[in-house]
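Chemist: Here TrEMBL flags 27-404 as domain 'Major facilitator superfamily (MFS) profile'. Taken from TrEMBL, the feature transmembrane segment covers 26-45, 65-88, 95-114, 120-143, 155-174, 186-204, 224-242, 262-281, 293-310, 380-397.
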Amino acid sequence: MASQSAGLGEYVAQGTTPVARARRMLAIFVMTAGGCFTGLMTTALSPSMVAIKAHFGHDASAALVAQLVVTTASLGVVIGGPVAGWLIQRFGIRAVLLGALPCYGLCGSAGLLLESATALFASRFGLGFCAATIFTASVTLLGDSFVGGGRSRVLGFKTTVAAGFAVLSVMLSARIAEAAGWRAPFALYGATALAMMLIVLFAVEARPREQARAVAAPAMRGLLILWPVYAILIAISAITILQQTQVPLLLASDHDAPPTTIGWVIAGGTVAYTIASIFYGSLHVRLGPRRMFALNLALIGSGVSVLGLSHDLLLSAAGCLLLGSGGGLMQPYLLNVLLDRTAAETRGRAIGLVSPAINSGQFLSPLLFFLLFAGLGGHGAFLTIGIVLFLSALAGLRSGVPAVRAAPAT
């Protein structure tokens with residue numbers, strides 16, 4: 001994509017023929033669908049967890065193996081993200097996508113045949129590696145193609161598409177597993193990768209060689225000055241995952257809520273996440289970066305504070321709605337900050353660290369907050385986190401996401 005556009009209509013209109021305009025519309029789909037491949041890592045198998053456990057036995061070790069079959073992919077994401085940035089700089093976005101997509105399909109579909117846990121772990125690691133590569137390439141393509149309000153809107157759509165696909169893939173994989181057994185949902189990886197690969201072949205243009213060439217020293221300096229953004233991304237991921245890890249315990253303790261009730265409360269937060277992300281682009285254009293950052297922190301802080309103060313089930317559900325809304329706005333916002341602060345030659349590497357940062361925050365969350373929840377209890381811990389977020393929102397209203405100036409080259 002030779003030039004950046006300020007809006008979706010402008011981007012599509014740059015195509016000089018109907019076929020060229022169709023290619024650009026499909027290219028927008030590629031930009032927004034990259035996150036679906038990381039989400040599918042877990043959503044395709046979550047409904048089959050009990051059956052996977054039964055396949056490996058009926059003791060505690062079988063349960064651990066079943067969980068590792070799902071989560072080993074996250075380790076691949078942590079490793080694959082940084083490597084993906086280097087690959088994009090070296091070979092270009094189109095080549096990386098056309099290499100990662102068939103590998104994603106093969107690694108994912110391997111579960112249809114593999115028997116041993118070790119082989120499954122290896123295939124799942126490869127799946128995560130490829131998923132991170134696809135995500136990084138799609139967001140880098142987005143950053144290369146759009147600027148300003150157009151970029152904000154497409155980032156919002158990207159988050160919406162990923163969240164909506166996650167819900168649909170859970171429902172679809174559950175139906176497939178019921179009809180054909182726990183192995184059958186592994187076929188979703190191959191089918192999804194094949195469909196996307198055909199779209200990429202038609203819609204994504206190869207960049208000139210000069211644009212894909214790596215520039216090592218400036219790239220490293222460009223990444224180092226972005227550490228505040230990654231730190232915030234890790235912290236927000238550690239907090240928003242509490243909706244899945246700590247809220248169920250809080251609801252069970254306060255209300256002796258059954259799993260179905262807990263599921264509906266958490267699902268409400270997911271729906272709020274999806275809806276909020278739809279409006280990210282227009283809100284960002286109207287509010288500007290600093291007020292948008294403060295709003296995101298205030299929404300997450302409000303949700304966490306409501307969970308800390310409330311002993312009522314409906315109010316707890318409202319807290320999850322606020323928490324989900326803030327999360328749905330914050331992720332595209334931080335992606336936008338990264339894209340704004342990186343030059344074209346460092347963009348791939350910068351985006352390559354996003355998925356590892358998110359996964360690191362989610363992994364570290366229980367460790368970071370263990371003492372807080374143990375010492376203050378669920379309500380006290382949530383309220384404390386909420387107060388910190390509100391104070392951060394006030395600071396963010398004044399300064400936005402902290403920026404670090406690059407040291408002059410010597």
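Backbone N, Cα and C define each Cβ position, glycine as well.
Since we're looking at a predicted model, the values are computed, not measured.
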Chemist: By Cβ distance under 8 Å, which residues at least 6 away from the ends of the transmembrane segment (65-88) in the same chain are close to it?
Modeler: 38, 41-42, 45-46, 49, 52-53, 56-57, 96, 99-100, 117, 120-121, 124-133, 135-137, 140, 212, 214, 348-356, 359-360, 363
Chemist: Counting only pairs 6 or more apart in sequence, are there at least 3 Cβ pairs under 8 Å between the transmembrane segment (186-204) and the transmembrane segment (380-397)?
Modeler: no
Chemist: Over the span of the domain 'Major facilitator superfamily (MFS) profile' (27-404), how high is the average pLDDT in this prediction?
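Modeler: Result for the domain 'Major facilitator superfamily (MFS) profile' (27-404): average pLDDT 86.
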